[in-house]
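What Swiss-Prot annotates here:
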type    : residues         : note
ZN_FING : 18-58            : zinc finger
ZN_FING : 86-105           : zinc finger
BINDING : 86, 89, 101, 105 : Zn(2+) binding site
REGION  : 128-154          : region 'Disordered'
MOD_RES : 142              : phosphothreonine
ZN_FING : 157-180          : zinc finger
ZN_FING : 187-215          : zinc finger
DOMAIN  : 225-243          : domain 'UIM'
């Protein structure tokens with residue numbers, strides 16, 4: 001961090017990073033009792049999963065905080081005024097713009113996994129089926145990590161960090177945040193590999209950070225992964241037409 005920021009405030013650069021997702025804070029919120037700061041989304045997710053404790057120190061959190069945490073507006077203002085270095089390319093960026101910078105920083109994307117922009121569908125239903133039957137190294141890699149579906153109908157995956165299996169996307173995310181938060185080992189993301197646009201050769205250097213950034217929702221809830229691009233487009237047009245009638 002610049003000397004100007006260190007002299008002007010009592011904050012260090014680490015204070016601008018969320019202890020849950022390990023990324024620059026997005027809509028920071030602060031706990032009343034222990035004064036720890038998190039991304040709002042990370043905090044609410046932790047409250048939904050773990051209940052009444054601070055995700056960092058296990059301190060108490062009130063019922064009101066769990067539903068509506070207090071914004072850390074002082075920290076937001078400082079993030080708008082001062083800059084820090086991109087962890088990959090070292091370019092100086094205002095802290096509040098850092099996440100936007102990551103979307104165009106090739107070094108960051110090479111380090112932490114797939115691009116934040118999902119490519120257009122270019123795989124037809126037939127080619128997906130054919131690919132699933134193929135005995136290439138790519139399909140072997142997919143089978144290594146993706147398993148059967150759970151009783152809820154969601155696909156399940158094997159954790160590449162400990163090989164424990166039968167995790168849904170959400171359970172894998174929770175498991176890794178609880179057990180592997182500070183374990184940084186180059187692995188292949190099993191969720192990415194399972195998607196039509198997944199690249200089995202893509203290595204993710206910080207798997208837990210990658211999960212928190214890229215896999216906060218199930219893609220299957222928003223798109224039919226078995227349909228090709230043209231069918232997806234036509235479906236979206238028809239649904240939009242129905243909504244606006």
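Glycine is no exception: its Cβ is also placed from the backbone N, Cα and C atoms.
On a predicted model such as this, the values are computed, not experimentally measured, just so you know.
For the zinc finger (157-180), the model's average pLDDT works out to 92. Minimal Cβ crowding within 10 Å, among the binding-site residues 86, 89, 105, is found at 89.
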